[in-house]
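> The coiled coil annotation in TrEMBL covers 224-251, 292-366, 410-437, 643-684, 856-932. Here TrEMBL flags 1-54, 107-216 as domain 'YhaN AAA'. If you look up TrEMBL, you'll see 557-587 marked as region 'Disordered'. Positions annotated as transmembrane segment by TrEMBL: 505-526, 532-554.
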Amino acid sequence: MRLLEAHIDGFGQLNNRRIELDAPVIIVFGPNEAGKSTVFGFLRSMLYGFARRNLPAERMEPVAGGRHGGRLLFSDDGNASYVLERYADGPAGKLSLKRLGLGKDQEKQSQDLDRADDGWLEQAVWEKQFLGGVNERLFRHLYAVTLSELREAGALSGEELGRYLYQAGWEEGRAVAAAEKKIAAELEELFKPRGSNQKLYHGAKAVESLDSELRSLGDGIAAYNELLAEAEAAELEMGGLERALEENEGQVRLLRKATAVRPLWLRRMELSAEREGLAYAGLLPAGFGQTWQQLQEERRIVEERVSQLSRNKALRRSERELLFFDESLIALEEETAELLEDSGRMRDLRHQRNEWDNERKSLDEVIGSMMASISPHWTERQLRQLAVTVPDRDYVRSCRELSSVAQHKAERLTGELETYRLQAREQAERVKAAEERLFAVASGRRGSGNGFSLQPLDSSQLILAWNALDEAFRLADMETARRQSASRLVDRAEVRQSTGKPPPLILPLLGLALGAVALAIAVTGTADKWSLAVWISSAALLAASVTSLGYGGLRRSRQESSRAGTRSRRSGEKRQEANPAGYDDGTERAVRDALAKLLEQPGPAADEWMGRVNGEDGMIAALQLRSRLKTLVQETVGALQDESRLETELADAQRRLQSLEQYMSERQEKLQELKAEMELESIQWKSWLGKRALPESMSPSAVLETFDLAESALQHLRQYDRLTERIKQRDTELEAFEAAVWSLCQKSKSALRRGEHEEAAVLRLLQADIKRHAAARDKALALDAGLRELEHEMAESLERIAYLSEERLQLLERCGLSGDEAVEQAIKDFGRLKELDDEDLKLGIEFKAGLLPEFISKLEALLKSADEEALQQKLEMAQAELNSVKERQRELLERRGSRRAELERLLQSTKRQQLLEEREMAQASLDAHMERYAVLALSQALIAATRRKYEQERQPAVLRNASAYVEQLTEGRYRRVLASPERASIQLESREHMRIDSSLLSRGTAEQLYLCMRLALAREVAGGNTLPLLLDDLFVNFDRRRLRSSAQLISGLSAERQIVLFTCHEHIRDELLAANPSAKLLDIGAVQLA
């Protein structure tokens, strides 16, 4: 159980308060008189009802107004949410409980709640279904602990503390202790060693005195004594024979029991061996299978519900659009009903009789059709004698389900295999396409070259080789520009000397040349590292050329400078003829080396470049050569990268193709195995049909349909008989009614003229029309309301589906399971383990039923030591010895009877008779006291045995858990909690293995020990129950370190159950919040009105 929310209408000083409780740890904090104890009492009262009026401190009548009580929202272990309502003015001992998330019809039915006739839930049913059977007193002792109880425990002595804890863990501990005390007192009244006032002592003295008086009588005493001695001797021998008889009967009973239970014993051995193989399934959480099935089933139900809601919504909308009704016509309903009030019974009888007759005819046809469907040769007698058993139906259903599952599985495997085949064909086509693309790219790279053949390098090496060549070209261009610039300077100097004026057009022409180069760069977008140097060099050459052209224009414009220009031009031509390329040997060698690294045949490219460096046409041709080489390098690098990418894609496609082929092989193997299983099941099914004389071609569905047809035909036949009897009765009534009506119609001409029931027919037509309109109106209203409810319910269902999916994933993670198949296998193994445990438990009960532990030990030892044949031989020998002892006992009984008859004959005197009667009365009183003493002694022994069993079964687990808690609280100072079986005291063992009695502990340590024992007892008593713990300011006497350890312990326990802590101390609040990050702080003084 997990508390989610509390709404206090009126309780103590609180009213109209809503408190959120949806957290593993809730810390209720507030100053004194803020209402913490009120909240504590409210939660306890909601669970177990209000205290009586003579306990006002616990009843807490509202002082600030409001209805005494409230509501409590909680969820159970299956995550189903409920609202609990309890008010003091409601029925005593009852409460109102509603489950959230259900529709109106489901909420009315409440199939999982055992409600009373008046709609209220009984407290006993509430405790059994939701509180795990924990009553209020046990809840107060273990789950709702206050500081006063801790102080009470701290004030007790060691033995009292142990007894107090013992009684707190045992549900009826106090009552059992009181019973033990009362039994001991009554035993002491009956008998006490060396006592003289007990009842048994006085009774024995009286019998002894009467025996002395009887011996003092002289008449016939010798004969009496002799007969008495013989009777006593016979009695004594019979006592020995009875013991021997008892031993022999016990031996015979043991051997018979061993012979009878040997198959059970052998079966238990087999179960034990099988259970060892399924031990892992026992490690699953409690209720794992049920939780998983509930999640799966609930999700399926919710999804089906969503689909159904969608269909219902569309259907209702279409129905609503088709509805039409007339309110004025509906208003005539009462008047029409009054007119038809007297026309009904005979009309209904006649109609009912006709319906029965039609139904009987239909039944006759249906019965004949069913019998013909079953077999054309079937008769009514065979149908009435038919009987179909439940095992037959179960077997046929199981065969049908197995066949359906196998068929679905085969279809699924076939579909998967076909899918993988299609994917494999597609993947093979992809591999082939990738190979073709790779071949095309490689062929294209080898076929392209622009007249050049590159070295066989990878992409990075080609880029490095081109960078080196580009650098060599740039250096050559710079040298050319430098030489031409020097030549132009010489020409300018000569011109100045001849004219005396500087050339005015040089600078404009030079700027024009540089602008043209910049424009070309901008248009082509060539700004990368490969082409930037080329364009700069070209700019320098173009500038030099333009300068030369400028000088030519100047020469044409001025005749004075013509001669100087001519001389300059001739001087340049002479220099060009002396050095055509204008490069030194180092520059030319660098270009040729760079070309050799890039091209396989660098000679033609180098000669072409060296031959085209002069003049304007030569510069343009050089630029074109460099562009061709650059384009070739770029295309080759791109082709190499494409080849690498295509090779990677080809490898991936081939790997995927291999995976698909492996999947196809696996599915083919599974399909073959499944077909073999289906063939075996088909053979078994045909064998079953043959045993029952059914056609081998008949399927399970056909067999079930045959069973259903036969049963349905029998039901229809019985219904046919009943209808025949009813029709006879109605015919008698209708004949009398028709005679009476005819006699009335003879008195009315209009009735005769209009015919029988004409008025009633008209009224019925009118009433039917009115009812149709009224039904249409009601249906329209209902459809409108239903549409709103469907929309709301659909939204809730979708939220529920998302929540269930998350819960399913979390459950798989907690259990360490990888998928549905693993879960199903684990559930099957867990179910099989449960079946084995149940079967072993039943066999153990049957094996040990009515037997004492000593007898069971002897029986098990005998079964282990002897086989079936040896047991039978021992049984025959023991039976023979038992018969001999019984024969001797019969002889002694006859002798004792004859002696007692003679003794009765001697007992004739009045005195002796009186003494004998008094002796019998004294002996009867003594026997009654002895019987009472035996009953009391047995009761005392049974209580002691029960306590020992409780200590043996519960105390070890309790002490183990309490020891772990104490060690955590004391940070290892105390490691174990010990309890002596002889006395109810509690001891602690320190880390130095010293034992300290609880009476020597301080108040704080005693309270910590008591708290640990309470927590351990609550955990052991709860079993699978997860009631929340309510702890009211328990840590006030704990020091800082123990308080921190307590907070960490609370954090660990919150994983098992919800914990609500109440405190008014800030340091306790801070420690609890620090140790519990997920805790919810509820400042009770700051809670707002709901």
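Using the three backbone atoms N, Cα and C, a Cβ is placed for every residue, glycine included.
Bear in mind that the values here come from a model prediction, so they are computed numbers and not experimental data.
Structural setting of the listed features?
Restricting the average to the coiled coil (292-366) gives a pLDDT of 78.
Sequence-distant contacts of the coiled coil (643-684) (same chain, six or more residues past either end, CB-CB distance under 8 Å): 399, 402-403, 406-407, 409-410, 413-414, 416-417, 420-421, 423-424, 427-428, 430-431, 434-435, 437-438, 441-442, 445.
Counting residues of the domain 'YhaN AAA' (1-54) by DSSP class, helix then strand then coil, yields 13 helix, 22 strand, 19 coil.
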> In terms of Cβ proximity under 8 Å, which residues at least six beyond the ends of the coiled coil (224-251) contact it?
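Cβ under 8 Å, 6 or more out: 878, 881-882, 885-886, 888-889, 892-893, 895-896, 899-900, 902-903, 906.
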